[in-house]
Structures are given as C-alpha cells and as structure tokens.
Amino acid sequence: MWIQVRTMDGKETHTVNSLSRLTKVQELRKKIEELFHVEPQLQRLFYRGKQMEDGHTLFDYDVRLNDTIQLLVRQSLALPLSTKERDSELSDSDSGYGVGHSESDKSSTHGEGTADGDDKTVWEDTDLGLYKVNEYVDVRDNIFGAWFEAQVVQVQKKALSEEEPCSSSAIMAPEDDIMYHIKYDDYPEHGVDIVKAKNVRARARTVIPWEDLEVGQVVMANYNVDYPRKRGFWYDVEICRKRQTRTARELYGNVMLLNDSQLNNCRIIFVDEVLKIELPNERSPLIGSPSRRKSGPSCQYCKDDENKPCRKCACHICGGREAPEKQVLCDECDMAFHLYCLQPPLTCVPPEPEWYCPSCRTDSSEVVQAGEKLKKSKKKAKMASATSSSRRDWGKGMACVGRTTECTIVPANHFGPIPGVPVGTMWRFRVQVSESGVHRPHVAGIHGRSNDGAYSLVLAGGYEDDVDNGNFFTYTGSGGRDLSGNKRTAGQSSDQKLTNNNRALALNCHSPINEKGAEAEDWRQGKPVRVVRNMKGGKHSKYAPAEGNRYDGIYKVVKYWPEKGKSGFIVWRYLLRRDDTEPEPWTREGKDRTRQLGLTMQYPEGYLEALANKEKNRKRPAKALEQGPSSSKIGKSKRKSTGPATTSPRVSKKSKLEPYTLPLQQANLIKEDKGNAKLWDDVLSSLQDGPYQIFLSKVKEAFQCICCQELVFRPVTTVCQHNVCKDCLDRSFRAQVFSCPACRYDLDHSSPTRVNQPLQTILNQLFPGYGSGR
C-alpha cells in the first residue's frame, strides 16, 4: 500500500511506500522524516479534516490507497532570551516612554464616547410629524421589507441639547428626528415597537382598477416570496408587464425589498387587490376603524388557527400554544419548545445566548478536537480483525485498501455487460475489477442476490472441482467452508446448500428453481452472467490470464445440480456456456481486437511508480556492496551477472499501440452533432496517441451532466452549448429555474426541450445499456 504526503503549501509531494492498513502513525512519521527531513515531533499530519495522533493506525483514520495526507511543519521552539539580551532589545516604544496612545487606543476610546453619546440621547413627546397619535398607518418591517397595518401610539422627537441654538429651524424638527411608537393590528402580542419616520406612511386604502394600471407605475400589491401562488405580505411593486387574454389577466412587476434590492419579473396573483400608495397629507388622516387588508397566514400549516395544535408555529413536541413565556426557540431550526416538553425538562429559560434543540445540538463528546484520540468505533469493534488474537499483518493486501472510485453508470443489480468495458479488459487487482463495476465484491466469487439472480462471478480455481474449457466451464458453488477468524479460504468442511449466492446463480438458469437441480429448456434465454478469469486459475486452466484479472464476456447457466465433490462433501455444480458476440480474448480474433482497442494491463494509480521506487531502494544496498573496499573482481562479476535477474518481471516494456479508428457510422453521427463540434474535436484528439479506454474516459468527461454528475441520458444541447439530461432539465423547469445549470444563461422554457438524437445514438453505441435504471 502507498499514499501521498503533501506539504500544506503544495510545493512538495512524496509517495510513501511499503505501508499497511495497520501501520501506526508514529511509524508513518519516521518514513516521512526520511523523505521530508522533518523531525517527528515537528510534524502535524491532517487527513480529511482530522489531525492524526500517535497510537492510531491508518485503518483507524480510514486512509485508503493513494490518498493524500497533508503535512504541516511546526516551528521549532526557540530558547528564551537572557535578561541582558532582552533588555538590549527593548526600544523606546517597548519601554513605554515618550509615546502616547496608539491609533487603536484612540479609535477605541473615540468609539466608546460615541456609544455613550447615543445612549444618552433624550427623546420627548411632540405634536410634530406627519402622523398623529391614534392614526392608522402602514409600517415597513426591517426583516421582510413588507408593509404591515399599524396604529400610532406615541410620537417623539429628539430633544435639543444645551449647545444647539434655539432657532426657528431647530424648533421645526426634521422628519429624521421623529420616532413613532406603533402597535401592529395583526400582531398585538408584539406590543409597542419604535420605528423611524422613513418606515411609516399613510394607510393604503384605494383600490386601483385593472384599466388604470400602467407599466412603470409603483403600487402596493400582495406577494408571497416563498410560495408565489399563495397569498403573502404587501410590498411595493413596480409594474413591468401587463397582459390580458380572453380568460385571464396577467400582471408582472418588480417586488421592492430592503436596501434597494428587488425581485424581478414576479407575477402578481391578486390583480383585483392592487392598492395606490398614499402620499403625505394627500388625504385626511385615517382615525376611524378602517377596513382590513387580506394577508397570508404566518403559518402555512395551521393557517393561524389558534384552536388547532401546530408543531410548526407552536411547541414542536406537543403542538400546544399555551404558556408562551415557557417556550424557548432553537437558534438552528427556529422551532419552539416548551421547557417541560424537553427530555430532560428544563426548569427555566437557558441563560446562554444560543440554545439548540436535541435534533440540532452537536454532541460535544463525539467531536474530535485537535490533539485528541479518536473515539471508539462500534462498527470496527465488531470486525473479526478487532477480536482476533493473531498477530498477522492483514493490512498489506490489496483487498483491504478499499475502492477509490465506484461505478455509477449502471446500478449494482445490472445484468449484462458494463457500458464502456469491452471483452479483454485487464486489471492487476480485484479491487480494480470492483471499481469498474464488472464484479463488485472484493473477495467473494459470486455477486448476486438470492431473490434476483447472479450478476457476475470470478473463475479463480479456488475449488478443486472446477473444470474450465474456455467457451464452457463447470463452476462450483460457494459455502461449506469454515472461514472464521478472518480467513480468506479454507478446505471443504460441510455440505453446500442452495441458498444465498448459490440460489442466486441458479436463478439465472432458464428453468424454475429446483432444490434437486434443473436444466434450462433454452439456455440462451437465461439471465446473463459476467465472467472474470483470475491468474490463480492458471494452475487448472490454460485459459486463465498470465497476470491479474481479465473480463471474458457473457456466459449463461445451462444447468445446475448437486453432487459429491473430491472433498467428500456435497457441492453444487453449474455448467455455464459463453453467449457473447465479441470474440474470446484467447483466440486470434480476440487478440487482434485487444490489440486494435489498445487494451493493456490496468494498474492502480501510482502502482508502477511505487514499484519502481521499491526496486530502486532494493538496488541501493547492492550497489553499496559493489563499491565496498573488500569487494573483489569475482564478487563484482557475480553481482553484475545477477543484477538483471533481480529486476521485477511485472514492469514490462510497453508494446506499440495501434491507433483506434472509429466506425464510419459513428464518425458520420459525430459530424451531424454540430452543436458539440468543439467538444468532439477535443475528444477525438485522444485517439491519436491513446488507447480505446482513454477515448471512452474522455467521452464520459466531456458529456457529463452537471446536475446528476453522470453520462448524459437523452441529452439536451442548450443554445449556450451545454449538455444536460432531459429529465434533469425538466426537473429544473418545474422548480421555476429557467436558466442553464452550467452557466446560468436564460433559456426559453416556453418551447419543449428536444433531445439531441445524434449524440444519444453515439453514446448508445459507445456505452450500450448505460440507460439501465435511469
């Protein structure tokens, strides 16, 4: 296993080899010291937001193959200065002589004085102001920006200070110095609020007929910001569009909010309730009981029905509205809770400035602070490796490193070939086969479900009863072995049963399930099984690959039956026959196709570099022995003669790859897709010097939907030349988002979206069946 270690500034990166999942953090620090020349006590290691501490293993932090760990170098602690050195370094500013207050001190002192002056502002009652006591007005809220109905309770002005001259201009207080004490009509429980004069105006009471509404006119209308089709609050609206048909009237405007912000092109639903904005002193003050405007309920669930329990606007646990003074609000979800409804109940309102309910509160005991040890994981404590008394280092196997990527182009229960994986594709390790989606389990030989069927299997020669004849083979079921103690394999110790994966593989046979075995009436009608051959099967079969794992195509179950195996126990046998249009990879046609597609052995990222570094480190001691003073000519000749034999056979010289040529039909379809001509030019350039697999990866990257992050299915090419799945774009339109998901370009949602058929045809040919499950 190997990982990457990178400094925080990103300037230096090294690969650390020869690691295990059970490698301790303190052991990792020693390896890092050899590469970065940083002492272990000066190293701070970070992985996925956690600081790695000594005593834990890489498995505890879930560090996987080729992951990156960040290194932060601590500054070495300097020794304290002596008394003489410290006195000699003191300057005049340090000693405090001849220097007044600093700029920060001045600003802070000035700020305190200003605050005191504001707190000492004196307000007194006055008869001035545009609106008098008991007059009904409209008041703008500082949170929503909407206008609410209210009544003036008191009017105050800023009192004159002794320093201000008593002039006529001072006697006539400006409107900015007027403060109104108001009481909301719809919210009497809020009591009296104090608002500035700029947020108060005369009560709107005149309904503007539809015929008198004009574009550019500023009116007051009802609008719901969260739910545009429902009744909401009253806002100032600038009319931008007016349209009338035989059956409907449409009014659009810009809804004005706080701080000159606005919502553009909003449709006003209630066109018969548009009100005129009253100007100051335009009409007589409104003192009598006016008619009330209709506003939307503050709670969309209970519609402000006080007799109806509601867990949204009342107590979130019991739904009761009683005892509001004994309710506390959560600062995260804004839900109310009775003190006595909480578990455990509270005796009083918490004095903390911020309080969180049990659902929103973060358990501080689960938070790992910097420098703390990890919390014990219940999941890892139940693993066989945690309870085993064996000292074997199981963390070096490639089956333990975990997947770095996952196949999402088709679901896990997909029958048939994986799109983009041709017959003859080779991988060095089983974990890579899992990442490609051909066979997802890391260790198990059969991937399937007992109520659905088997999707894939690996022929690795693990059972002595297996017989491989290439186009057909006899496969032995799983089970009947004691794998306790985290074993990977063992001898047959009991009879196999037709359950779990054995039953799943039997379901692929085109015949009703039978506990005594069955044979397919038409074996080609059975469910397909992907077959992967492993190099371990070479001891029993000549069709196994020389290295790694190889995908050999689609097979189908002809029959299955129980019989006594070589071990003396009952085993389930399955006869599978090949049913694939692509040629077998061991035939001449298959080898030619493999060479044509440029299919080569795939290694994990960083594997060849790690192998080369390992060989390089192995040769260093040998070279030191050659250059030693005690070495003789005979010794040198022996060392030189054995040198070539020590080189790894795995690092082989790459053969020259033939450039892949697209079929004529696909080339013509690419020419038809003129909207993506630039993308296709970049993708086709990879065919010149890269294998077919790189070409497919380029296609996936170029035509990935930005919404679902998958290869586009039923693609829609927008006018801004971006490709999105039709379902994703329709979902965006239903959410009233009419812009391109990639660049926010405004799209025409009035016309139906059209699928790019040439692009869809190409993708179906390159990735057949990739639309399964979508």
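Positions of Cβ are set from backbone N, Cα and C atoms, glycine also.
For Gly461 (DNA binding site), the same-chain residues 6+ apart in sequence whose C-beta sits under 8 angstroms from its C-beta are Asp468, Asn534, Lys536, Gly537, Gly538, Lys539, His540, Ser541, Ala544. Annotation source Swiss-Prot lists DNA binding site at Ala460, Gly461, Asp466, citing similarity to another entry.
The feature SUMO2 cross-link is assigned by Swiss-Prot to Lys276 (among others). Here the Cβ of Lys276 (SUMO2 cross-link) has 16 other Cβ atoms within 10 Å, regardless of which shown protein chain they belong to.
Lys382 (SUMO2 cross-link) counts 9 other C-beta atoms within 10 Å of its own C-beta, drawing on all protein chains shown. Annotation comment: Swiss-Prot describes Lys382 (among others) as SUMO2 cross-link.
Residue density at Lys542 (SUMO2 cross-link): 10 other Cβ atoms are found within 10 A of its Cβ, drawing on all protein chains shown. The SUMO2 cross-link feature in Swiss-Prot is assigned to Lys542 (among others); the stated evidence is similarity to another entry.
What Swiss-Prot lists as SUMO2 cross-link is Lys656 (among others).
For 293-298, the entry in Swiss-Prot reads region 'Linker', with the evidence type similarity to another entry. Only residues 6 or more beyond the boundaries of the region 'Linker' (293-298), in the same chain, are considered here, and those with a CB under 8 A from a CB of the stretch are 148-149, 186, 204, 222, 224, 230-234, 273, 275, 304, 313.
Cys313 (site 'Histone H3K4me0 binding') counts 17 other C-beta atoms within 10 Å of its own C-beta, drawing on all protein chains shown. Under DSSP, Cys313 (site 'Histone H3K4me0 binding') is assigned to coil, being neither helix nor strand in the three-state scheme. Per Swiss-Prot, site 'Histone H3K4me0 binding' is recorded for Cys313.
The site 'Histone H3R2me0 binding' annotation in Swiss-Prot covers Pro324 (among others). Around Pro324 (site 'Histone H3R2me0 binding'), the same-chain residues six or more apart in sequence whose CB sits under 8 Å from its CB are Glu189, listed in sequence order. According to DSSP, Pro324 (site 'Histone H3R2me0 binding') is assigned to a helical segment.
Swiss-Prot lists Gln327 (among others) with the feature site 'Histone H3R2me0 binding', giving similarity to another entry as the kind of evidence. Within 10 Å of the C-beta of Gln327 (site 'Histone H3R2me0 binding') there are 19 other C-beta atoms, taking all protein chains into account.
Annotated site 'Required to confer preferential recognition of cytosine over thymine' per Swiss-Prot: Thr476, in sequence order, evidence recorded as similarity to another entry. Look at Thr476 (site 'Required to confer preferential recognition of cytosine over thymine'): DSSP puts it in a strand. For Thr476 (site 'Required to confer preferential recognition of cytosine over thymine'), the number of other Cβ atoms no farther than 10 Å from its own Cβ, over all displayed protein chains, is 20.
Annotated site 'Required for affinity and specificity for 5-mCpG sequence' per Swiss-Prot: Arg488, in sequence order, evidence recorded as similarity to another entry.
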Across the region 'Linker' (293-298), what are the DSSP residue counts per state (helix, strand, coil)?
0 helix, 0 strand, 6 coil
So, three-state DSSP: helix, strand or coil for Lys542 (SUMO2 cross-link)?
coil
Cβ within 8 Å of the DNA site's Cβ centroid: which residues qualify beyond Ala460, Gly461, Asp466?
Leu459, Gly462, Tyr463, Asp468, Asn534, Lys536, Gly537, His540, Ser541, Ala544
Reported as an integer number of Å, what is the Cα distance between Lys382 (SUMO2 cross-link) and Lys276 (SUMO2 cross-link)?
71
Here are some binding-site residues: Ala460, Asp466. Which one has the most Cβ atoms within 10 Å of its Cβ?
Ala460
Length of the line joining the Cα atoms of Asp466 (DNA binding site) and Thr476 (site 'Required to confer preferential recognition of cytosine over thymine'), in Å:
6
State the Cα to Cα distance, in Å, between Thr476 (site 'Required to confer preferential recognition of cytosine over thymine') and Lys542 (SUMO2 cross-link), rounded to an integer.
18
For the region 'Linker' (293-298), report the average pLDDT of the model, please.
76
